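To start, the structure under review is shown below, and the notes come after it.
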Amino acid sequence: MDSSSSVVYVGSSSKSRNFQSKSKGSITSFSIDSRGTKKSMKTLLIPEPEPTSPEVIESSVSSVSAESETPISIIRKKKQSEPRFYSSPTNTFYTEAKQSFTNTEFSECASISTIGIGGIDLEKNGVMIYRGSIGSDVSDESSSSGLSNAAYKPHRDNNDKRWVAIQEVRSRVGSSLEAKDFKLIKKLGGGDIGNVYLAELIGTGVSFAVKVMEKAAIAARKKLVRAQTEKEILQSLDHPFLPTLYSHFETEMNSCLVMEFCPGGDLHSLRQKQRGKYFPEQAARFYVAEVLLAMEYLHMLGIIYRDLKPENVLVREDGHIMLSDFDLSLRCAVSPTLVRFAAITLESKSSSYCIQPTCVDQSSCIVQPDCIQPVCFTPRFLSKGKHRKKSNDMSRQIRPLPELIAEPTSARSMSFVGTHEYLAPEIIKGEGHGSAVDWWTFGIFLYELLFGITPFRGGDNRATLFNVVGQPLRFPEHPNVSFAARDLIRGLLVKEPQHRLAYRRGATEIKQHPFFQSVNWALIRCTSPPQIPQPVKPMDQAHSVRHGFSQGHGHVGYDKPPTVDVKPSGNYLEIDFF
């Protein structure tokens, strides 16, 4: 055994201990009994590799490093540049955000090239978090990607009766869903680029909402891009308060989107049924909280909604909401950042103060330890501690959790879109607008739910636009609404977008407002809704559609083909400058 060999102990038995001796070109196994006698010598020769020139070695090393660059180095590079995400015990949004980034990262590693999601490219070096399928994995149509749908749709419930019905029909017909598989029952409503019908998937008894867009009409109005944008956005969504695109198909004349049917109608109709035609504050808080989470998710994806109003907030069969109608939405880039806040030292001699500028009522200032950053903080519990032992500095500090901010603040559009009473001042002025318009409309939305009217409505559309730009915000004397609700509305309806609540920090800032103090964000889906809609019997509805999609021409089975109203309604307006 030469000097270059090494001996390794590999185990023992009842009568001996076993060793291996490794040297250049061979491995020798042997054992030593209790008397110290070496025996059972076995030698395994290892063949020498053929000599390789330095040039070949260098070439092969560079080749291997280039190949290994793909999955591992991308992850390492991203981890160096991406913020870390921490979950909050009271907010599942951060866990969902982390899952969103994980899915995006996985999709990048899977194909080693830029992956398009609904026509949007994911940037390798930036942090763009469009989350969704490659192709049409959210519909019933097969995807060309080999990746699992579940990797992109964690909220998809395969036990959902709608998915079960679709799979049942697909297995029976052996193809994707088509127009002939649906029987249209009644018209539910109409939008700017199409009409929505209640439809039954034939042979299953399961109802869907089918949006039918007439190709010729939307092409004549130059709305094809709007229709395509809506479909791509729907394909990318995966959130409890946003719609699922179950299928999409085309006929000769129509383009159709198959979504969930919400039997509770919309919040506008539901508000009209309330006593006084406004919601109690507790009910309004429930609805706007769920809308806020949906908007937060959209902004994380770089989607500015731009059309929030009660008519577009639908009520599901369980009483929770679903945001609908994305044909006016704007897609843009977003760069999420993780902000860490310094620890806040509590001084017993300090007086009450508020961190948020919109909160001016000291009686509403309380400690919110479950928030990421205290909104309004009063160290009143320290004033009772005269007989307490003096604690150290560490115990007298609040250390806020890191805060994820994913607000697309850099987005700019010159489009003049929306409903007159909900238009933000910067849209009317033509100054260009970004994500802050959604928080203006959120303020109008909350105002209407609480008071039954919008704050700037005039005698006609021209007067309404003038009021939005030039008139101050006023509140009616009745009904009686809490200070926190009025304070939140004041913060949202600031005419200068850069001073508007949530302009920088987005929905996180709104969620920390005292108006939402009683909301448990982590368990909001378990909260009992203010009202559960009555079960709907679709076949008993009046004004039903006669048959279904007629074969051949692709018309809806109505007395005449459905047409998209070429003239916008009186409250709706859209002008694209570029």
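Positions of Cβ are set from backbone N, Cα and C atoms, glycine also.
These numbers come from a predicted model, not from an experiment.
Among the features that Swiss-Prot reports, active site, proton acceptor is placed at Asp307. DSSP gives Asp307 (active site, proton acceptor) a coil state; it is part of no helix or strand.
Sequence-distant neighbours of Leu188 (ATP binding site) (same chain, 6+ apart, CB under 8 A from its CB) are Val196, Tyr197, Leu198, Ala209, Phe261. Taken from Swiss-Prot, the feature ATP binding site applies to Leu188, Gly189, Gly190, Gly191, Asp192, Ile193, Gly194, Asn195, Val196, Lys211.
Summarising the annotation, Swiss-Prot assigns compositional bias 'Low complexity' to 1-24 (among others).
Sequence annotations record features per position, and here Swiss-Prot assigns compositional bias 'Polar residues' to 25-34.
As annotated by Swiss-Prot, compositional bias 'Low complexity' applies to 53-64 (among others).
In the predicted structure, the domain 'Protein kinase' (182-516) carries a mean pLDDT of 83. Per Swiss-Prot, the feature domain 'Protein kinase' maps to 182-516.
What Swiss-Prot records for 1-64 is region 'Disordered'.
The feature region 'Activation loop' is assigned by Swiss-Prot to 325-426.
Sequence annotations record features per position, and here Swiss-Prot assigns motif 'PIF' to 575-578.
Ranked by how many other Cβ atoms sit within 10 Å of their Cβ, the recorded positions Asp192, Asp307 place Asp192 at the bottom. Helix, strand and coil content of the compositional bias 'Polar residues' (25-34), in residues and according to DSSP, is 0 helix, 8 strand, 2 coil. Cα of Asp192 (ATP binding site) to Cα of Asp307 (active site, proton acceptor): a span of 11 Å. Around Val196 (ATP binding site), taking its Cβ as the centre, 19 other Cβ atoms fall within 10 Å, counting all chains. The two recorded residues, Gly194 (ATP binding site) and Asp307 (active site, proton acceptor), have Cα atoms 15 Å apart.
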